[in-house]
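Features as listed in Swiss-Prot:
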- 36-381: topological domain 'Extracellular' (TOPO_DOM)
- 41-63: region 'Disordered' (REGION)
- 52-63: compositional bias 'Basic residues' (COMPBIAS)
- 82-282: domain 'Laminin G-like' (DOMAIN)
- Asp134, Ile151, Ile233, Asn235: Ca(2+) binding site (BINDING)
- Asn181: N-linked glycosylation site (CARBOHYD)
- Asn279: N-linked glycosylation site (CARBOHYD)
- 316-340: region 'Disordered' (REGION)
- Asn323: N-linked glycosylation site (CARBOHYD)
- 325-340: compositional bias 'Polar residues' (COMPBIAS)
- Ser339: O-linked glycosylation site (CARBOHYD)
- 382-402: transmembrane segment (TRANSMEM)
- 403-456: topological domain 'Cytoplasmic' (TOPO_DOM)
- 424-456: region 'Disordered' (REGION)
Amino acid sequence: MHLRIHARRNPPRRPAWTLGIWSLFWGCIVSSVWSSSNVASSSSSPGSHSQHEHHFHGSKHHSVPISIYRSPVSLRGGHAGATYIFGKSGGLILYTWPANDRPSTRSDRLAVGFSTTVKDGILVRIDSAPGLGDFLQLHIEQGKIGVVFNIGTVDISIKEERTPVNDGKYHVVRFTRNGGNATLQVDNWPVNEHYPTGNTDNERFQMVKQKIPFKYNRPVEEWLQEKGRQLTIFNTQAQIAIGGKDKGRLFQGQLSGLYYDGLKVLNMAAENNPNIKINGSVRLVGEVPSILGTTQTTSMPPEMSTTVMETTTTMATTTTRKNRSTASIQPTSDDLVSSAECSSDDEDFVECEPSTANPTEPGVRRVPGASEVIRESSSTTGMVVGIVAAAALCILILLYAMYKYRNRDEGSYQVDETRNYISNSAQSNGTLLKEKPPSSKGGHKKQKNKDKEYYV
């Protein structure tokens, strides 16, 4: 009896590339989760920062923060300007140039946002050093906005005559001066212009020139030319007064984003600039109103400094109605500053619509603005799209790997080593198996073919 050993090949081990597929799959999952967490943290960081700032205001001096709302204009603007509210009893913000840094200018640019209901008051006044007499004043007279300035001879006045501005709405006024020429514009209304008619001194000199001895003509002419040059320069500017209290013409309402020849005076006041003094009924938006009958200190404490927001700030307008005051919140931006810095008149302005906002409690996160909602929604959309794309890619790779694994070669074979094993093995009774001598050639071939087995 022949003992046949059929050896079946062991199943092949899993190829190394399948391990790579699984590594790639888990790598995709981990990377998608990591990227989504980064996007979520980046989108939530501005909100958390603003929440921390509001909590700081509440815990520092227990003020009621004003909700910040962003307008389409503020989305285009750069940095926002600070807003101050001037009460009924009047107030004053006074900026004084250092004695060794007082400018003399041939041209000036002034811009400010305001809202008020008073018929008369001084918004801003710039004065030269004592004894010179040069000044520039922005004021409201009979409900209409105007500017009067004097740079050495007579007062030059320019005014918006068409429409009153004491309607309680928010307006932006811009004034430019170049020598004796001046322009004044309110919002996007038509521009008011002023051009001097001529040099009166030169005209008079030409009339009496022939009566003056010849040897005196040259010195007098040079003196008149030098005087004419001086009449175009605002000499040795010393201080900027905001609010009109020092002149007895009190302004009541709100002022925002004041810009004058590169100085953002209200921002400097909010940042506790040492050259600025504040007294009277003046309150920075976001602070606790002072007790009636008391005045603020002449210098601002550090607690009154405000955080300059990215694009916009809110402004509150106070309107006294039978001992009751209501505040309306309106958005603004530094578009008025940028328009004051450039001389082009083709800039567009969006009319500020008054809107009311309920103040939030200290430490409570403010309502997000339109730009924040857009930024958060776009971040969420990007995160979802990234996760879905990564998951789809991983699923496709996994399906392809499973397909290749199922269609691999599953063939097997068996090996018959009967002849070799029998010739070398012992019988069960201990005797060796003796092969029979081949009887014939045909019988040997038959036996050989009989012992062979083939498997496919």
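Cβ from N, Cα, C; glycine included.
Put simply, Asn181 (N-linked glycosylation site) is 12 Å from Ile233 (Ca(2+) binding site) when counted between their Cα atoms.
Annotated pair Asn181 (N-linked glycosylation site) and Ile151 (Ca(2+) binding site), C-alpha to C-alpha distance, rounded: 12 Å.
In this structure the alpha carbons, written CA, of Asp134 (Ca(2+) binding site) and Asn279 (N-linked glycosylation site) are 25 Å apart.
Ile151 (Ca(2+) binding site) is surrounded by 25 other CB atoms, counting those within 10 A of its CB over all protein chains shown. All chains included, 18 other C-beta atoms sit within 10 angstroms of the C-beta of Asn279 (N-linked glycosylation site). The distance from the Cα of Ile151 (Ca(2+) binding site) to the Cα of Asn279 (N-linked glycosylation site) comes to 29 Å. Around the Cβ of Ile233 (Ca(2+) binding site), 15 further Cβ atoms fall within 10 Å across all displayed protein chains.
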